[in-house]
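**Student:** I am attaching a structure below and will ask some questions about it afterwards.
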Amino acid sequence: MAFATRRFVRAASSAAATAAAKKLIVKHVTVIGGGLMGAGIAQVAAASGHTVVLVDQSDEILKKSTKGIEESLKRVIKKKFADKPEAGAEFIEKTLKNLTTSTDAVAVVHSTDLVIEAIVENQEIKNELFKRLDKFAPEHTIFASNTSSLQITQLANSTTRQDRFGGLHFFNPVPMMKLVEVIKTPMTSQKTFESLVDFSKAVGKSPVSCKDTPGFIVNRLLVPYMMEAVRLFERGDASKEDIDVAMKLGAGYPMGPFELLDYVGLDTSKYIIDGWHSLEPNNPLFAPSPLLNKLVEEKKLGKKTGEGFYKYK
């Protein structure tokens, strides 16, 4: 009898361990932040069959987000369903049916598998959000941040679910860009990491993995490259126009560094480089730029303000 009991306990323990080790299949997604990135993430998740709730502070913002998603979907079907208008209309209908909106993040995380944060790049605001949602989300729920510059570990430390926390860095515009950087902190469990990779593939993206290092892969290489272009221009070694042409024709880049800086937003680039400089003040790659600082101070932030390194009509 004792032998049978021991076998039963071992079998039960083994079953529990197997269940605990199983990856979470993400079905329900909550996206916090209705801006370009958040709306884009919500769109691709809904389009791939996930049930999605998009959250922001006001119905006005969410109406704008939903309208943007609808317009984006229309552009998608022009390419994807060019010869099948009925299938395209059905695709839009199904996608929008999978998507709802809310202004109450706490209320909607009760039944979600994955929370993706895509709000302002501010450490304190993000920490406060995650700390609050951590109290109401189910135990199995994975938290992820779309941050491009902040450390995932510091965000995870604002919660009690460090093992169920990772980074999902999408790229703009989300419906078009195929890459997702999946960030694993020292505390992220293998099960969580694999679930995030699987989710990235499920929404039609190509995931790459990176440790929690400043800028991950793309921005760690891209931001210093753009800053070095600014320094080249600051020294008077070449004009910004010639630098842009050189990198497009010589390196095959679709945009030159100054065009890209204006597209990203000079305030965003400054915020990133300032944050990295504070972490590694002696790293010359992260040295601030007087010219970039001046343009941001003058509110010349790039395309979104009509002027940055270039002027826009």
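The backbone N, Cα and C atoms fix where each Cβ goes, glycine too.
Got these off TrEMBL a minute ago, pasting:
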- 28-213: domain '3-hydroxyacyl-CoA dehydrogenase NAD binding' (DOMAIN)
- GLY33, GLY34, GLY35, LEU36, MET37, GLY38, ASP56, GLU121, LYS126, SER148, ASN172, LYS304: NAD(+) binding site (BINDING)
- SER72, LYS79, SER148: CoA binding site (BINDING)
- HIS169: site 'Important for catalytic activity' (SITE)
- 215-312: domain '3-hydroxyacyl-CoA dehydrogenase C-terminal' (DOMAIN)
**Student:** The record names GLY33, GLY34, GLY35, LEU36, MET37, GLY38, ASP56, GLU121, LYS126, SER148, ASN172, LYS304 as the residues that bind NAD(+); what is their largest Cα to Cα distance in Å?
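**Tutor:** The NAD(+)-binding residues span at most 24 Å between Cα atoms.
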**Student:** Determine the most Cβ-crowded residue among the binding-site residues GLY33, GLY35, using a 10 Å radius around each Cβ and all protein chains in the structure.
**Tutor:** GLY33
**Student:** Roughly how many Å lie between the Cα atoms of MET37 (NAD(+) binding site) and SER148 (CoA binding site), rounded to a whole value?
**Tutor:** 11
**Student:** When you look at SER72, LYS79, SER148, which the record names as binding CoA, what is the longest CA to CA distance in angstrom?
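**Tutor:** The span, Cα to Cα at its widest, is 29 Å.
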**Student:** What is the nearest of the recorded positions SER72, LYS79, HIS169 to LYS126 (NAD(+) binding site), using the Cα of each?
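**Tutor:** Closest by Cα distance to LYS126 (NAD(+) binding site) among the recorded positions SER72, LYS79, HIS169: HIS169.
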**Student:** Just to confirm: which same-chain residues, 6+ apart in sequence, have a Cβ under 8 Å from the Cβ of LYS79 (CoA binding site)?
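**Tutor:** Residues satisfying the criterion: none.
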**Student:** Please identify which of SER72, ASN172 has the densest Cβ environment, defined as other Cβ atoms within 10 Å, among these binding-site residues.
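**Tutor:** Highest number of other Cβ atoms within 10 Å: SER72.
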**Student:** In the domain '3-hydroxyacyl-CoA dehydrogenase C-terminal' (215-312), how many residues does DSSP call helix, how many strand, and how many coil?
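**Tutor:** Looking at the domain '3-hydroxyacyl-CoA dehydrogenase C-terminal' (215-312) with DSSP, the answer is 64 helix, 3 strand, 31 coil.
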**Student:** Using a 10 Å radius around its CB, how many other CB atoms surround MET37 (NAD(+) binding site)?
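**Tutor:** So the number of other Cβ atoms within 10 Å of MET37 (NAD(+) binding site) is 21.
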**Student:** What is the interatomic distance between the Cα atoms of GLY33 (NAD(+) binding site) and SER72 (CoA binding site), given in whole Å?
**Tutor:** 17
**Student:** For the C-alpha pair, I'd like the distance in angstrom between HIS169 (site 'Important for catalytic activity') and SER148 (CoA binding site), rounded off.
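**Tutor:** Counting only the Cα atoms, the answer is 6 Å.
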**Student:** Cβ distance under 8 Å to ASP56 (NAD(+) binding site), same chain, sequence separation 6 or more: which residues?
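**Tutor:** ASP56 (NAD(+) binding site) has long-range Cβ partners ILE32, GLY33, GLY34, GLY38, LEU62, SER65, THR101, THR103.
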**Student:** Report, in whole Å, the straight Cα-to-Cα distance of ASN172 (NAD(+) binding site) from SER72 (CoA binding site).
**Tutor:** 13
